[in-house]
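The Zn(2+) binding site feature in Swiss-Prot is assigned to CYS13, CYS16, CYS35, CYS38; the stated evidence is sequence analysis. Summarising the annotation, Swiss-Prot assigns ATP binding site to PRO119, THR120, GLY121, SER122, GLY123, LYS124, THR125, PHE126. Marked as domain 'ClpX-type ZB' by Swiss-Prot: 1-54.
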Amino acid sequence: MAGSRTNDIKVYCSFCGKSQDDVKKIIAGNNVFICNECVALSQEIIKEELAEEVLADLTEVPKPKELLDVLNQYVVGQDRAKRALSVAVYNHYKRVSFTESRDDDDVDLQKSNILMIGPTGSGKTFLAQTLAKSLNVPFAIADATSLTEAGYVGEDVENILLKLIQAADYNVERAERGIIYVDEIDKIAKKGENVSITRDVSGEGVQQALLKIIEGTVASVPPQGGRKHPNQEMIQIDTKNILFIVGGAFDGIEEIVKQRLGEKVIGFGQNSRKIDDNASYMQEIISEDIQKFGLIPEFIGRLPVVAALEQLNTSDLIRILTEPRNALVKQYQALLSYDGVELEFDKAALEAIATKAIERKTGARGLRSIIEETMLDIMFEIPSQEDVTKVRITKAAVEGKSKPVLETA
């Protein structure tokens, strides 16, 4: 019940003692009353306490070496990229944790968002996920190819923020300290260096739209997603402390680097380096190369940290299969152990799995599907075969030339 009178009896707020005549509205409960001013004050107190809890979580920011140790437990290789990410993430959250206590005369620390460049399956998304998990902050993934600028059919960039808010269980204060990973950022590059007269819906316009939220702004987000509508209730979120990590394969950027370095890449026999040596070119990438690829200067300027990831080779993929805490081989061994069965992979089988992933150009992300293909029939039959004690995966089984070897009691 809400109003200024209850049975024509003058009522007072149970919290501040003001009468119905001194406030705009009094809400009645079970023998208790609260005025609109106390409701507003309560909301402000709750908001401040939630913000303090979020900041308290960030006061002990893991040091770069500690972050690197975590990444090393889950991610194989990519040492330079992991070091760059560890430093960038530490500096970002150190900046966030000290922002609230800084004096007006202190140096204004600008946000350093991150650009990850590397081939498909090199671990870009997994690195971002692992960092967010280790910091216990909300994390959201978005695909740049699904975004369009305002006025076109597609997804508004604000919907990226909604995913983060949802990951934070609609706690906006927590979301404002989260991490957003935008994948396939190279797919919204301008087509060529010459700016078209008509805007490219999936290119420069989307970069401009992303630029606003990446550099820091108070954005209005539709709580149910989709396009904005007049008179629609919005969630307000400040993006100044959200860490944005964007990533893409940037296929062909090695050639841009070679041209800048003065190497001939056109004509038969002119490229003296092997394709495998492209990894060294990835470490030479500068903003000029990224701009030539098609990202606008303003957008590049908001991504000062560039982490280049290498193409994974057979040795790297075998290590990914076996070494990390959550390695795929360990996962499948655990699955079969629940049925009382031991699982073993021959060394040649691991090499065959890695070779298949390279041939398919899927990198680490393709390893699971190859194992699934190899073990599908086994995982179907094993629960019904109580006499089986061990399964051995061979090279021939991976190549589809024979079935895995079964040992019985």
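Each Cβ is built from the backbone N, Cα and C atoms, and glycine gets one as well.
A map of Swiss-Prot features onto the structure.
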residue: CYS13; record: Zn(2+) binding site; contacts (Cβ under 8 Å, 6+ apart): SER19, VAL23, ILE26, PHE33, ILE34, CYS35, GLU37, CYS38
residue: CYS16; record: Zn(2+) binding site; contacts (Cβ under 8 Å, 6+ apart): CYS35, GLU37, CYS38
residue: PRO119; record: ATP binding site; contacts (Cβ under 8 Å, 6+ apart): ALA249, ASP251, LEU309, GLN311, LEU312, GLY363
residue: THR120; record: ATP binding site; contacts (Cβ under 8 Å, 6+ apart): ALA249, LYS361, THR362, GLY363, ARG365
residue: GLY121; record: ATP binding site; contacts (Cβ under 8 Å, 6+ apart): LEU312, ALA357, LYS361, THR362, GLY363, ALA364, ARG365, GLY366
residue: GLY123; record: ATP binding site; contacts (Cβ under 8 Å, 6+ apart): VAL75, GLY77, GLN78, LEU309, LEU312, GLY363, ALA364
residue: LYS124; record: ATP binding site; contacts (Cβ under 8 Å, 6+ apart): MET116, GLY118, TYR181, ASP183, GLY247, LEU309
residue: THR125; record: ATP binding site; contacts (Cβ under 8 Å, 6+ apart): ILE141, TYR181, ASP183, GLY247
Other C-beta atoms that fall within 10 angstroms of the C-beta of PHE126 (ATP binding site): 18
Residue among binding-site residues CYS35, CYS38 with least C-beta crowding, 10 angstrom cut-off: CYS38
CB contacts for SER122 (ATP binding site) [other CB atoms within 10 A, all chains]: 26
CYS13, CYS16, CYS35, CYS38 excluded, remaining Cβ within 8 Å of their centroid (Zn(2+)): SER14, PHE15, GLY17, LYS18, VAL23, ILE26, PHE33, ILE34, ASN36, GLU37, VAL39
CYS35 (Zn(2+) binding site) - helix vs strand vs coil (DSSP): strand
Listed in sequence order, residues not in PRO119, THR120, GLY121, SER122, GLY123, LYS124, THR125, PHE126 with Cβ within 8 Å of the centre of the ATP site Cβ atoms: GLY118, GLY247, LEU309, GLY363, ALA364, ARG365
Where PHE126 (ATP binding site) falls in three-state DSSP terms: helix
